[in-house]
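Novice: Below are the features I grabbed from TrEMBL:
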type: SIGNAL; residues: 1-18; note: signal peptide
type: DOMAIN; residues: 174-420; note: domain 'Peptidase M14'
type: ACT_SITE; residues: Glu392; note: active site, proton donor/acceptor
Amino acid sequence: MKKIVILLYLASLTSISAQTTKFQGQPPIKIVPTTSKPIQKQWKANFKFNSGDVVFSNDFEGARLNGVLQENDSTYTALITSENTPVNTSPWYAFKVWAKKRKRINVVMTYQESAKHRYYPKLSTDGIHWSALDSIDYSEFEKGDKAFGPGSLPIKVNMNLQIGPDTLWVSGQELHNSHHVSHWVDSMAQKAFVAKTTIGKSRQDRDLNLLAIGKEDSKNMLMVISRQHPPEVTGYLAMKSFLETIASDTKLAKKFRRKFVTYVVPLMNPDGVDNGHWRHNAGGVDLNRDWANFNQPETQAVKRFMEEKVEQTQGKFYFGIDFHSTWDDIYYTVDPKLEGNMPNLVTDWLTGMKEEVEGYNPNIRPSDKMRPTTVSRNYFFVEHGAEALVFEIGDNTPREFLKEKTRISANILMQLMLERLK
Ligand SMILES: [Zn+2]
């Protein structure tokens, strides 16, 4: 008897702490106008100090550095501002820095009014391989006391950096600009069962690439998109793992590809990504609020593509997924009482993940408000009947875990979809 009481007591403690530390998800989606607005471009330059003794640069794609001030011999203050306002707290930054001689400098990261420091600094010597700044070289000021959201962030931070003649890259997350993504797209397209096409152009004339994985023009379709929001790199990394699993050599993946075709737009917002935007496209708009009115070329391209595929094949989109990043791993699903082309697929999928990923309890937030469609998930579900969700990865989710979790999840999904296809 005593044992049971203790267990119950422990269980109640755990549930209390789970309630206070579990990410509760974003507030309901606001409908906002999505007609184009002006954006503030950043002035691209090498910022030179002491006759080129120390140089900061934002002259590359994916950069965000809006100004640098020298405070003294070894301390510099960087200012980061967004493409326009209002904008949410996802202040992206990325810059290069070098010096004539090896030395240590302090870089104080500051942000425009009401923004805070969100992304833990990553360093690279080649712009491709990244590692987190050593915590001993990092300090935070005026940090909030909340577990998640803007209230958890510091107002500014100091990084102590070892610099020298070789370029040091500093970035809020690993840098995956449109060139990096194209490189990955081309490597995927080497496979015999993967085709690459372009479904349109962004507002600044960058290609919107599409991959088709599996049976060409199959009636059984999936839609995958990622990077509507530029800094959401962990969502993009999860998407890569998801697709690499569908394109793998396993028996299951081969069988899946004989029945289904998976269409992918890996980089929905190439302009925002290359310009280092915090959130919006070159039209100054949050693309994931434009799936009802379709004012922007990027959302229009996907809509047109999906409608044409249905028309041409007389088939169906069974599944639609949009990869993002936020404060912690979370799944924004369609309420299971609303049935699409494969009822309960997403519920059973997430249940399967709970069973197969040890110690993992997916944080699921269903919604039954599907109209107006506004966001991609609602468009996939309402207009195509696709079982749909937003797959969100935390900013700081360990990269190995997110890859492994997504790999397992792709396998469960393929299994479930094969079982259910009539
Ligand atoms: Zn997002």
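Each Cβ is built from the backbone N, Cα and C atoms, and glycine gets one as well.
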Novice: Per DSSP, Glu392 (active site, proton donor/acceptor) is which: helix, strand or coil?
Specialist: strand
Novice: Please work out the mean pLDDT for the residues of the domain 'Peptidase M14' (174-420).
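Specialist: Residues in the domain 'Peptidase M14' (174-420) carry a mean pLDDT of 97 in this prediction.
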Novice: Can you name the residues of this chain that are 6 or more positions from Glu392 (active site, proton donor/acceptor) yet have a C-beta less than 8 Å from its C-beta?
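Specialist: Non-local contacts for Glu392 (active site, proton donor/acceptor): Gly235, Phe323, His324, Ser325, Thr326, Asp329, Ile330, Tyr331, Tyr332.
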